[in-house]
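A.B. asks: Pasting in a structure now, in structure tokens, and then I'll have a few things to ask.
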Amino acid sequence: MHNYNDLASLFFNTNDDTIRNLYSNGTDHEFHITSILVFFIASYFLGIFSYGLALPSGLFVPVILTGAAYGRLVGMLIGSQSTLDHGLFAVLGSAALLGGSMRMTVSVCVVILELTNNLLMLPLVMLVLIISKTVADAFNANVYDLLVKLKGFPFLEGHAEPYMRQLSVSDVVTGPLQTFNGIEKVGRIVDILKATGHNGFPVVDEPPFSDTPLLYGLVLRSHLLVLLRKKEFISSSTASASDASKHFSPEDFAKRGSGKHDRIEDIELTAEELEMFVDLHPFTNTSPYTVVETMSLAKALILFREVGLRHLLVLPKTSKRAPVVGILTRHDFMPEHVLGLHPYLFKSRWKKVRFGKTAFSNFF
């Protein structure tokens, strides 16, 4: 007996065997259109569901599988109007879905060529990839960029948006800015660390340490937590004769692994210790990257990204103001933040339609 169930052969086989069955030549009458439609819908939604789980499941093979079912379904719908094999439609469907969802081009050509071992299919695959990628770029970003945005990760693009050239860094600086004195009271450090989640704080020297308020540098939150945990305090707000940094080793300030960071809530201090002081001078980065508040936001973004900064201090144009007016982080350069502060720029924002040169240059 040669009876079989075409839907079962799709669902109960491994992904490799199912893809091989869908890609096979001379199988135009082996699958019913209803079975292909059910399998396409099931694989599409199961792929979305499985990728959204916190499990080590990929998206590459499910997209190939779903695209193959979609392509064969299109071949069945065309029917007698085309003499092409349904297996060819399945291959082109996989290429189209990969190009449209992941924006993969050259690598897809190589993968499809390896799967089919047919060099004659390369021109058709290239044409499908160019069309699918160009159409998809006209509407949204690739699936991985969309996931980064949905998770709220502050990922910066490699280029500045056109509307950023109309703004200066002072237009996106938000406050209030929290600064520390060169010799700061322990209680104030604890209060600020509990009230904010910032990872860097400007250190400003004021009289009698300098004639006028002067930016000394930048101190990291992690370093402040080490100082509080080690309790290397001084009793007065005058400079100490000894170098406090000699009481610490490089391992104390080394970056720890994930989940092992110090927390301000875990540090216990007495009322007497809260009234003492910490000399921040030995633990401050005295040469942080700075920009003037009138600098173009687009130029500041390029500097921030190319150098790989985490903090960028903003200095005033004139010396009559505070020595530092703000601090920029990744979130300050995000389009959501910039357009939220200046909604009128949203109407003039350039559309990311990459027809023509960009689509073909990305392909090759």
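Each Cβ is built from the backbone N, Cα and C atoms, and glycine gets one as well.
I grabbed these lines from TrEMBL:
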{"type": "DOMAIN", "residues": "284-344", "note": "domain 'CBS'"}
{"type": "TRANSMEM", "residues": "31-53", "note": "transmembrane segment"}
{"type": "TRANSMEM", "residues": "59-78", "note": "transmembrane segment"}
{"type": "TRANSMEM", "residues": "90-113", "note": "transmembrane segment"}
{"type": "TRANSMEM", "residues": "119-139", "note": "transmembrane segment"}
A.B. asks: Where, among 31-53, 90-113, 119-139, do we find the most CB pairs under 8 A to the transmembrane segment (59-78)?
C.D. replies: 90-113
A.B. asks: Look at every Cβ pair spanning the transmembrane segment (90-113) and the transmembrane segment (119-139), keep those 6 or more apart in sequence, and say whether at least 3 of them are under 8 Å.
C.D. replies: yes
A.B. asks: Across the domain 'CBS' (284-344), what does the mean pLDDT come to, as a whole number?
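C.D. replies: Taking every residue in the domain 'CBS' (284-344) and averaging pLDDT yields 91.
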A.B. asks: Can you work out which residues elsewhere in the same chain, 6+ from the ends of the transmembrane segment (31-53), have a Cβ less than 8 Å from its Cβ atoms?
C.D. replies: 6-7, 10-11, 59, 62-63, 65-66, 69-70, 72-73, 76-77, 86
